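Features reported for this protein in Swiss-Prot:
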- 94: active site (ACT_SITE)
- 170-200: NAD(+) binding site (BINDING)
């Protein structure tokens, strides 16, 4: 199987899906690897580093000739022309956010594996480290855009407690998963007050125990509680994600209108469509806009802004699955690995992820029934 590591085209995306160490593991197992020129530069990996581990450096077009194309994010529109039947495309594809790319993949017969839907022991194994990074960075961005020079309220999130008592900011975090707790931990480190809105009762108890000694309030998620708590936010971070599916717009325009003027609103799951009615995707170089008097931050690839850290985490999670596909062939790997099978979103024209199929009103079939 010919494996290609391609350079990301998404604006501001510095990550690469495979490190030189991963290439060494693949070539040592007898697999041929090609790497697009400068694919790893943003993460600190030179072309020479890949070549030393057995990869061949190729052009963008040549990379897309591979049987297995390893990416970080979804293909750019300019790359749709390279799709071919039975080609495996691997990455955080977030296909629920775009019916166009789904139709392109379906029409050609591409096999799409989305890392965010690989679920092992009930957890999104590959997505978790990226969620942690996005959560931490969101808390930092909330502090940054609270400054007056960026259109914020002009507040210092830490407050001031030297001979005076000026309170810090209030972070309201929607959702209680990995991204949420990482955002909360950074906010607490900045001396902010944190309110977490969570639906699951067991998770609420877990969060209450985790933060028993901290300035954290955990609130049951209901539309009424969300509407009440969002008014308190200096920084509001939505972390709600339904793996493979497009989430509902739970934060309405009316709720956004009720927020403090100059407060900051961040949607970590904007790459899947987001849960905020007024949010739209932005870029790392142009990350914010103002609507209803609130600063909106909608960057869909936040880990791409810290590629040296996030690439190492991403590649460490990827490699065992990629090796299994290459060693066994995709169909056998799917049969042997339940977590991997959950990652297959499209197989030779058929939607095999129920959340994706529901999001675009398409026919769904279970992957094991398709490959039999």
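Each position is counted from 1, following the chain as shown.
Cβ from N, Cα, C; glycine included.
Around residue 198 (NAD(+) binding site), a 10 Å sphere centred on its CB holds 23 further CB atoms from the protein chains shown.
Applying an 8 A CB threshold to same-chain residues 6+ apart, the list for residue 194 (NAD(+) binding site) reads 170, 171, 173, 184, 187, 188, 211, 214, 215, 216, 217. Within the group of binding-site residues (170, 182), the Cβ with the highest number of other Cβ atoms inside 10 Å belongs to 182.
Cα distances from residue 94 (active site) to the binding-site residues 186, 190, 198 are smallest for 198. Sequence-distant neighbours of residue 186 (NAD(+) binding site) (same chain, 6+ apart, CB under 8 A from its CB) are 135, 136, 139, 140. Counting every protein chain shown, the Cβ of residue 190 (NAD(+) binding site) has 20 other Cβ atoms within 10 Å.
Counted within 10 Å of its Cβ, the other Cβ atoms near the residue listed as 'active site' come to 27, all protein chains included.
The binding-site residues 174, 178 differ in how many other CB atoms lie within 10 Å of their CB, and the one with the most is 174.
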